[in-house]
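Taking it in order: structure first as structure tokens, then the write-up.
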Amino acid sequence: MATEAHHYYVPNPSPYPFILSTGLLLMTSGFIFNINHYAPGVWMMLLGFLCVLYVLYGWFGRIIGESEGGAYSKWEDRSFRIGMIVFISSEVAFFAAFFGALFFMRRIAIPELASFDHDFTMYKSFTDAWPSAGPGGVVLGHAYEVPKFTPMSAWGIPAINTLILLTSGATVTWAHWGLLKNNRQQLIIGLFLTVALGIAFLCLQAFEYHHAYTEMGLTLGTGAYGATFFMLTGFHGFHVTLGTIMLIVILMRSMKGHFTSDHHFAFEGVAWYWHFVDVVWLLLFVLVYWL
């Protein structure tokens, strides 16, 4: 036991955690500035995203070099697995908070507000209905109307995107089977299809957002419905973007001959993350789009 512990690899100090934290801070702060119409917001978001990309490139490169150089043993592999489980658990808590907010508004806050006298509610036509904030109700004490908007239907782009993500979950699993059988061609084809499906999902979601803003009047400013819709789907889209980037890295490594049937946790970790993204989307489809 002492001999095995002696061979546990300890990496040198790294600046990447600090840079990543700074990038995430810039992205979130820039987003807040942007939705409040402060000019630096977009540039802060862009700078933060570039920091995240730099960390992904540098940190991934260092870990790949250490892995291919034989620095990792089964103990490091166990540490990576535990770390990925903790990371995904934190992501579960993150999305649970947003789903909890959605549940609270729909099942508790709105019915309670609707039970009050209209003089105490947000506008005279306020009722116990979802989506909230209108359309067209006058906000008491203000000179503006709640913007008119059309709720997003589930049976259009969202349904197509659901099919896309479910298919991508199958293709990444098929790629994993190919890796376990040492079938490099199946591995690469499966990963390529998964990446293509991820990009297709993002393109359709971008089109959906454009349509929501320009044709449906659905924005972050259209009450609780607009805020929760864009927060949940937006953060999910950000996770799909990161997952697609990681899948591209795994695809490139697979094309270079990396990974074997008994040494491929980098692939497994990304696959776990991708399946998590799939599950979150299914919840989004049911709770945000459908119900």
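Cβ atoms here come from the backbone N, Cα and C positions, even for glycine.
As recorded in TrEMBL:
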- 4-291: domain 'Heme-copper oxidase subunit III family profile' (DOMAIN)
- 16-35: transmembrane segment (TRANSMEM)
- 42-60: transmembrane segment (TRANSMEM)
- 80-105: transmembrane segment (TRANSMEM)
- 156-175: transmembrane segment (TRANSMEM)
- 187-207: transmembrane segment (TRANSMEM)
- 227-251: transmembrane segment (TRANSMEM)
- 272-290: transmembrane segment (TRANSMEM)
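Panel annotation: around the transmembrane segment (80-105), residues 72, 132, 224, 228, 231-232, 235-236, 239, 265, 269, 272-273, 276, 280, 283, 287-288 of the same chain, lying at least six beyond its termini, place a Cβ under 8 Å from a Cβ of the stretch. For the domain 'Heme-copper oxidase subunit III family profile' (4-291), the model gives a mean pLDDT of 85.
Within the chain carrying the transmembrane segment (272-290), a Cβ under 8 angstroms from the stretch's Cβ atoms is held by residues 84, 88, 91-92, 95, 99, 102, 152-154, 158-159, 161-162, 165-166, 168-169, 172, 194, 228-229, 232-233, 236, 239-240, 243, 246-247, all 6 or more beyond its ends.
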